[in-house]
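So the structure is just underneath, and the comments pick up after that.
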Amino acid sequence: MAGLSSSLFVLSLLCVLPLYLCQQSYGGKLNPGYYAHSCPQAGEIVRSVVAQAVARETRMAASLMRLHFHDCFVQGCDGSLLLDSSGRIVSEKSSNPNSKSARGFEVVDQIKAQLEKQCPGTVSCADILTLAARDSSVLTGGPSWMVPLGRRDSRSASLSGSNNNIPAPNNTFQTILSKFNRQGLDVTDLVALSGSHTIGFSRCTSFRQRLYNQSGNGRPDMTLEQSFAANLRQRCPRSGGDQILSVLDKVSPAKFDNSYFKNLMENMGLLNSDQVLFSSNDKSRDLVKKYAEDQGEFFEQFAESMIKMGNISPLTGSSGEIRKDCRKINS
């Protein structure tokens, strides 16, 4: 599978070559060959900067994937998450899902700076996030896919959208699924995309409730495997230590694989939003089992669902803009 991923990644980079090789549209006006003539170096620039960042800190791969997810769930994949507060803009970075946890913005800045040197005013920040998410998967051993391109950047942000649209760690299964459904994503997308938690970390504040007060009665979540829970309590106290990190996948936290799903079958999902995929719904449980048994099936569906998520309400044509600086709208 690793060889296949490498081959697919190389193929995706070849889409900077003859446009007819990559002309297929993946959603409206988006297609992988969008920058073939205007900025043929775009894919390689993004890949190079992301590779350097992940080499410095493996966790950055998960952080960049999360930026793409949190961007797309708020007014579409338009780079709105990257905007700082200024003037009429109230940044999504200060929302509950992003505050003190969203990271990787400096990597996006570095990519954008290099792209502006090579191809001024051409590659959008929204497309940077989409490419960086794919490259983060490949660099940690996960699948590759053709990335449809041609998104433009928003001139607005939505703090309320960020607070309301992004699933929270302690949401019920039905609440999470409803939030995915509102974006045009189904239960298969939910389970596959949740598999990105095979890499990365989560903060104590995101899973403390499961350890000490799951249902508001002062009792822990009894679906959590007890020895695993005991180890987590040693790292995550009842109060304080909100920023203490624990790995999302206890088996291979730096490798993109299917061990996340195997953990769920053993009741060792770190977040409630992870474990409910196995404990709360028959269809999602069956998908967890399938992906735990067959990594190839997971990789194939993850790639398909990432493309689908990346096509959520993109700005194209004359809508939006191509920001010169991903943190602020053009003057």
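The backbone N, Cα and C atoms fix where each Cβ goes, and this holds for glycine too.
Curation plays no part in TrEMBL annotations; they are all automatic predictions.
The structure displayed is predicted, hence computed values, not measured ones.
The feature disulfide bond is assigned by TrEMBL to CYS39-CYS119 (among others). Long-range Cβ proximity for CYS119 (disulfide bond), meaning a same-chain Cβ under 8 A and a gap of 6 or more residues, is found for TYR35, SER38, CYS39, GLN41, ALA42.
Summarising the annotation, TrEMBL assigns Ca(2+) 1 binding site to ASP71, VAL74, GLY76, ASP78, SER80, GLU92. GLU92 (Ca(2+) 1 binding site) counts 27 other C-beta atoms within 10 Å of its own C-beta, drawing on all protein chains shown.
Around the Cβ of CYS72 (disulfide bond), the same chain contributes GLN183, MET309, GLY310, ILE312, each under 8 angstroms and 6 or more positions distant in sequence. The disulfide bond annotation in TrEMBL covers CYS72-CYS77 (among others).
Within its own chain, CYS125 (disulfide bond) has GLY79, LEU82, VAL108, LYS112, ASP153, ARG323, CYS326 as residues 6 or more apart in sequence whose C-beta sits under 8 angstroms from its own. Under the heading disulfide bond, TrEMBL lists CYS125-CYS326 (among others).
The substrate binding site annotation in TrEMBL covers PRO167. For PRO167 (substrate binding site), applying a Cβ distance below 8 Å and a minimum sequence separation of six or more within one chain yields THR175, ILE176, LYS179, PHE180, SER273.
Marked as heme b binding site by TrEMBL: HIS197. For HIS197 (heme b binding site), the count of additional Cβ atoms within 10 Å of its Cβ stands at 25 [all protein chains shown].
The annotation Ca(2+) 2 binding site is assigned in TrEMBL to THR198, ASP249, ASP257. Around THR198 (Ca(2+) 2 binding site), taking its Cβ as the centre, 27 other Cβ atoms fall within 10 Å, counting all chains.
The annotation disulfide bond is assigned in TrEMBL to CYS204-CYS236 (among others). Listed in sequence order, ARG235, CYS236, PRO237, GLY241, ASP242, GLN243, ILE244, LEU245, SER246 are the same-chain residues at least 6 apart in sequence whose CB falls under 8 Å from the CB of CYS204 (disulfide bond).
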Around the Cβ of ASP78 (Ca(2+) 1 binding site), other Cβ atoms found within 10 Å total 28
CA pair ASP249 (Ca(2+) 2 binding site) / ASP78 (Ca(2+) 1 binding site), Å rounded to integer, equals 30
Given the Ca(2+) 2 site THR198, ASP249, ASP257, its other Cβ neighbours within 8 Å of the Cβ centroid, in chain order, are GLY195, HIS197, ILE199, VAL251, SER252, PRO253, LYS255, PHE256, ASN258, SER259, TYR260
For ASP71 (Ca(2+) 1 binding site) and CYS77 (disulfide bond), the CA-to-CA distance in whole Å is 6
Spatial neighbours of THR198 (Ca(2+) 2 binding site) among the recorded positions VAL74, GLY76, CYS77, ASP78, SER80, GLU92, using Cα within 10 Å, are none
As a whole number of Å, the Cα atom of VAL74 (Ca(2+) 1 binding site) is distant from the Cα atom of HIS197 (heme b binding site) by 20
Taking the centre of the Cβ atoms of ASP71, VAL74, GLY76, ASP78, SER80, GLU92 as the Ca(2+) 1 site, the remaining residues of that chain with Cβ inside 8 Å are HIS70, CYS72, PHE73, GLN75, CYS77, GLY79, LEU81, SER154, ALA157, SER158, GLY161, SER162
